[in-house]
């Protein structure tokens, strides 16, 4: 029988000092036999996805206390990728994931907490907490802040839906008037919550649901809706049950590694491919799998991508649907239900509610459930009122979207595409693979060949795009922006958005060893591995070289002979200490970022730290 971890600090005469300190936090004699549960919050006023979380930790803590546990809250950092984007701040985004994971480990292990409730929402916070949870392997439940309502405004006598990406594209389009750009900017992000499309934050919150570590509805129920409060209340109660099951009944099924096992990771990736999620999810799932000691690699993702169809299309791949529409169509479990009927899921998995996948679908799939409360929950909709307050409205759709032939979520028979929304490409300058969000690629450019325009920083590429130096047919290559080379693996949302604003969204390709925002669409290929700074062949590409992209056949090729590539590699090595570094880039890199870069691996490994360098 496992012993409560917290007993280390609450039992025994030699822990009198620790108990004295616990008493100073409000604990009493009756608390010293109860489980101590960490409420890991991520409130910050910097991030709209987290601005409403201040009081939600207390909400969870009160339920923990009422259910027989002791709740102790702490906070992690949270970077807003959208605000950090387009300048040096983006260098810090991905490294913050490791800091979040480490800070959770530090707090939980330093104070011997028995379990956790993780209150996350945005891009690197959910992955960082997920990595920590699987590293620590103590009972955990995730409950996120929820998606933002889609922006809406009237343009050309038509009401259109908007998000952050629209504001960026219109702001850079010289053909758009200042008045229209300002109108879109003011309408794009109307409420608290994670940005309203299937961007990285919402993708990851959907995936925690598919992994079984969060409750049904977590990935899609709006941040502003009153129904979301119940997820927080339930999390506080349920975590005490899970904790007691493990420590008092020796039930290891309550542990995250036994819930989020390899079968669950395969289901989560299957969901991601089917819903056309962010390419960043590949990076984060690979990293989380390593923390869980699960053998889940790019090869597994490649295999899944070849058999899973695209059953859902959401912004940025279309402006017709946002997360509020996904929720109305049944949310994550609506998509999983269709995948299950197609025979594409592992059914022998459980979630934090203790339900198997078939049991969960029976209760929560809107196409089969008889539970009117579930149907009511999935009718939770937007209010269209600007607010930063959680649970501030209770509007509902008049009906559910259960049209699997022409609705937001499709059945296998009526899939948007027989090929899924993500694909892994391999070739002679991406030997370990690269990722493309096929859900956002127009059919006309699934095969694309063109001359390379090479840039050694995102800034240089943006200047060239806006300066008219990139033309129709070009393949823009941005290198030395990987985990080590950036350092920090910047997102390339500005280059892709500016290609659209210049009318080149369907006329050019963009390839990088960096990564893309979940808001990216178009022929945007990222995560090229090995990266340039690690000796990757992408460092050897020169202006004018022909690059051939063939998404249907999962191929990407630099059309040079092996002899020419070898000669260029030899010339690169001859640069000595300057080998595999940018030639003319001026970038100030802090000590903290250099420390990150010294241990960073390429994207095919999840950009995690190289344990072998530490003897691990």
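Positions of Cβ are set from backbone N, Cα and C atoms, glycine also.
Note that the structure is a prediction, hence the values are computed from the model and not measured.
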| remark: Cross-ref Swiss-Prot: Mg(2+) site 123, 124, 491; candidate in list 80, 81, 166 matching that site is 81
| task | Out of 81, 124, 491, point to the one nearest residue 517 (active site, proton acceptor) in space (Cα versus Cα); all of them are binding-site residues in the record. | result | 491
| field | DSSP-derived structure type at residue 81 (Mg(2+) binding site), helix or strand or else coil | value | helix
| request: Report the residues of the chain - excluding 81, 123, 124, 491 - with C-beta within 8 Å of the mean position of the site's C-beta atoms, for the recorded Mg(2+) site, in sequence order. | output: 79, 84, 90, 93, 94, 122, 200, 201, 280, 517
| note | Min neighbour Cβ count (10 Å) across binding-site residues 81, 491 flags 81
| query | So what sits near residue 195 ([2Fe-2S] cluster binding site) in its own chain, CB-to-CB under 8 Å and at least six residues off in sequence? | reply | 48, 49, 82, 147, 148, 163, 164, 189, 201, 202, 518, 519
| request: Round to the nearest Å and give the CA-to-CA distance linking residue 81 (Mg(2+) binding site) with residue 122 ([2Fe-2S] cluster binding site). | output: 9
| What is the Cβ neighbour count of residue 122 ([2Fe-2S] cluster binding site) at a 10 Å cut-off, with all protein chains included? | 29
